[in-house]
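Features of the protein shown, as given by Swiss-Prot:
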BINDING   His59, His61, Lys146, Asp315  Zn(2+) 1 binding site
BINDING   Lys146, His186, His242  Zn(2+) 2 binding site
MOD_RES   Lys146  N6-carboxylysine
Amino acid sequence: MSFDLIIKNGTVILENEARVVDIAVKGGKIAAIGQDLGDAKEVMDASGLVVSPGMVDAHTHISEPGRSHWEGYETGTRAAAKGGITTMIEMPLNQLPATVDRASIELKFDAAKGKLTIDAAQLGGLVSYNIDRLHELDEVGVVGFKCFVATCGDRGIDNDFRDVNDWQFFKGAQKLGELGQPVLVHCENALICDALGEEAKSEGRVTAHDYVASRPVFTEVEAIRRVLYLAKVAGCRLHICHISSPEGVEEVTRARQEGQDVTCESCPHYFVLDTDQFEEIGTLAKCSPPIRDLENQKGMWEKLFNGEIDCLVSDHSPCPPEMKAGNIMEAWGGIAGLQNCMDVMFDEAVQKRGMSLPMFGKLMATNAADIFGLQQKGRIAPGKDAEFVFIQPNSSYVLTNDDLEYRHKVSPYVGRTIGARITKTILRGDVIYDIEQGFPVAPKGQFILKHQQ
């Protein structure tokens, strides 16, 4: 049998092992894995490289339409491809209007035409004003629903995203449980965080340490406990977003041990940055929940290696530079991190701390695909989409602003020495990024809808 592509001699991350083996691709799908697979129109030699499943980034903000001056599909998905991401799950906020019904998600589909370098699944929003329209987004094919129990959205803009109170969360969770949809939650106590933040600003406390102190660990833990209990009563599957503290992870672990259907994610910045570094970097490292101290970071690594965190995500949430101006308490909170999830975490987790390659593959791709029902994604296995990232280990480079593909070429990782490189990204059998050639094909990404899986 003749194939379209054979990838030879790479160390391939499979479900439960990593070994040197060849991969055959035909019609955009993985056709065979083994040795002496036969002939192909194209043969790639991956000697000395790790071949990983393409990353499934389950938490991205692209901001188009409506705020394309923050980030856009063209720049955002090119950055993703350069970083080894082949599928993103896009959040329903930062763009205008927020993705809260059929009409608003259709605007996103229109805005992205001809611009997607990678594939994209969608989340709908659960907000204070759309509980009667949740079914519309389910019918279109979103793979989950995002909500905030922390304060969010611009109150001066009618169609911006909004947080939910406990009643709205409970009613929404009941409806989404009936639809078989997971609820993803940003967990921080809104009233306490808001009051602590205002108190700090009024007293002139505006440093990174002051910001972190205004969003203490207990505000995350309390919110996680609350939504766990409400989701349990409502009968809804739950996913906790961007957990920043080991204490927060412990709440999820406890609920899981009691039989609750709950998963969680975290982000590279909680593992490789700490509050002192946040102070040095400045507003580019501001996010919520915040980047905490070194002791907290050590606890997060323990939870990650224990298998208590399901997936790693970027929470890519950029904005124009002027929104990062001024002091840390006033600046926009969001990190541009899409392009450097895989290389940074391969360096820090695999090379520096000895994480196994199969565990790395699960955290970066497989588990997210499973959680959100992306049946063709996240695994190097026969029948799956042929989506790979080639990683060159022990290959250090210093990230510069010019390396970045974002609309605004800034990141808290600029200046960092990263000990691994993404050399090639393949989407459904085609090279979409190559370290030498750049982006060799026109954008071929597609939207992934739940009912098409």
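Residue 1 is the first one shown; counting continues down the chain.
Each residue, glycine too, has its Cβ placed from N, Cα and C.
Model, not experiment: these values are computed from the prediction.
Of the chain residues outside the Zn(2+) 1 site list His59, His61, Lys146, Asp315, Thr60, Met91, Leu93, Cys241, His242, Val313, His316, Ser317 have their Cβ within 8 Å of the site's Cβ mean position. Comparing the Cα of His242 (Zn(2+) 2 binding site) with the Cα of every entry in His61, Lys146, Asp315, these being the binding-site residues, the smallest distance points to Asp315.
Cβ neighbour count for His242 (Zn(2+) 2 binding site): 23 (other Cβ atoms within 10 Å of its Cβ, all protein chains included). Residue environment of His186 (Zn(2+) 2 binding site) contains 24 other Cβ atoms, counted within 10 Å of its Cβ in all protein chains. Listed in sequence order, the residues His59, Met91, Phe148, Leu184, Val185, Cys187, Cys241, Asp315 complete the 8 Å Cβ shell around the Zn(2+) 2 site centroid, once Lys146, His186, His242 themselves are left out. A straight line from the CA of His59 (Zn(2+) 1 binding site) to the CA of His186 (Zn(2+) 2 binding site) spans 11 Å. Cα to Cα, His186 (Zn(2+) 2 binding site) and Lys146 (Zn(2+) 1 binding site) are separated by 8 Å. Of all Cβ atoms in the protein chains displayed, 26 besides its own lie within 10 Å of the Cβ of Asp315 (Zn(2+) 1 binding site). Its Cβ placed at the centre, Lys146 (Zn(2+) 1 binding site) has 26 other Cβ atoms within 10 Å. Taking a C-beta cut-off of under 8 angstroms and a sequence separation of 6 or more, His61 (Zn(2+) 1 binding site) has the following same-chain neighbours: Glu71, Glu90, Met91, Leu93, Asn94, Asp315, His316, Ser317, Pro318, Gly334.
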